[in-house]
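Notes follow once the structure below has been shown.
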Amino acid sequence: MKRYGHGLDVITLPILKHPDNWSGPALNMSGRMVGESMSGHIAASLTWFFVGFIYIVLALRRHYTSQLSGHKFFSSVEFPFDFLPGRLHNLPFVALFKIVGALVFLSLELHGTLVRESGCVPTSVWQHETMATIFLMSGVADIVLLKSKSLRLFPDGTDYLLFGVTFGVQAMQFTYHLDGRPPLSARLHAFQALLAGLCAVSLAMEAGNRRQAMMPVIRGYFIMMQGTWMMHLMFILYHPGSEELTWDLHSDESVTLASLIFHVPHGV
């Protein structure tokens, strides 16, 4: 076991070696890789943002169409794109988007961390992979449950349970992700864990009250906030376009300012 970066434990593995003339990804002043790490965080933030945004739009659309048709609103984890022509309206686009986003994140993170000159892989990286894998499995589960709905192989609410477990695992991984980090990085990841927990809670509340149109909207809002906050976290920690740290990772002022950004402009 070795130490890496900001005091994070790493595991030394016999992994791929790069050729001598390989320049590798760019490093910022904090010693972190900007290339693949930045791309991986962008993939995760965009996936969360668009999944949450689509949930909000489709939930509101179902609400208004229910009012126009005189039917009662009833929520679901997956909302069909019933406004598309032909067989397209039966495709689980959100589930597929979750799978693709998780696969992109996994490929970028693995490429950026397994190809290291030192041959060291931080244990925190495996937490990234765990969260991406559970998100990928959630997309697969959504498709399986949707396609087997007519067969009634699973009890009602299984989709909510599995999606809630996804965010529960994510919240725990982000909580343990704080170990060994400087105060600012720990606070940024603590807010990410909070949002994951709120996603799990909102799903549980929605599962028990599926007649309320605001329940899936709240769920989508918290998922979307995960994406936007991940983008904030990425710019603060990786400071792209700058070779110097613009935030003091150990400053109380930086921690307070990050908390203010989370609660006021970001939340709004």
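Using N, Cα and C of the backbone, Cβ positions are placed for all residues, glycine too.
Unlike curated records, TrEMBL annotations are generated automatically.
Residues 75, 79, 81, 93-94, 97-98, 101-102, 104-105, 108-109, 112, 128, 132, 135, 213, 216-217, 219-228, 230-231, 233-234, 238, 240 of the same chain sit 6 or more residues outside the transmembrane segment (38-60) yet have a Cβ under 8 Å from a Cβ within it. What TrEMBL lists as transmembrane segment is 38-60 (among others).
The feature transmembrane segment is assigned by TrEMBL to 91-110 (among others).
The transmembrane segment annotation in TrEMBL covers 130-148 (among others).
Non-local neighbours of the transmembrane segment (160-178) in the same chain are 77, 124, 127, 130-131, 134-135, 137-138, 141-142, 145, 186, 189-190, 192-194, 196-197, 199-200, 203-204, 206-207; each lies 6+ residues outside the stretch with a CB under 8 Å from one of its CB atoms. According to TrEMBL, the feature transmembrane segment maps to 160-178 (among others).
Per TrEMBL, the feature transmembrane segment maps to 190-208 (among others).
Counting residues 6+ beyond its ends, the transmembrane segment (220-238) has Cβ neighbours under 8 Å at 28, 30, 32, 34, 37-38, 41-42, 44-56, 59, 184-185, 188-189, 191-192, 195-196, 198-199, 202, 247, 258, 261-262, 266-267 in the same chain. If you look up TrEMBL, you'll see 220-238 (among others) marked as transmembrane segment.
Here the transmembrane segment (91-110) has long-range neighbours at 36-37, 39-40, 43-44, 46-47, 50-51, 54-55, 78-79, 81, 84, 125, 128-129, 132-133, 135-136, 138-140, 142-143, 146, meaning same-chain residues at least 6 beyond its ends whose C-beta is under 8 angstroms from one of its own.
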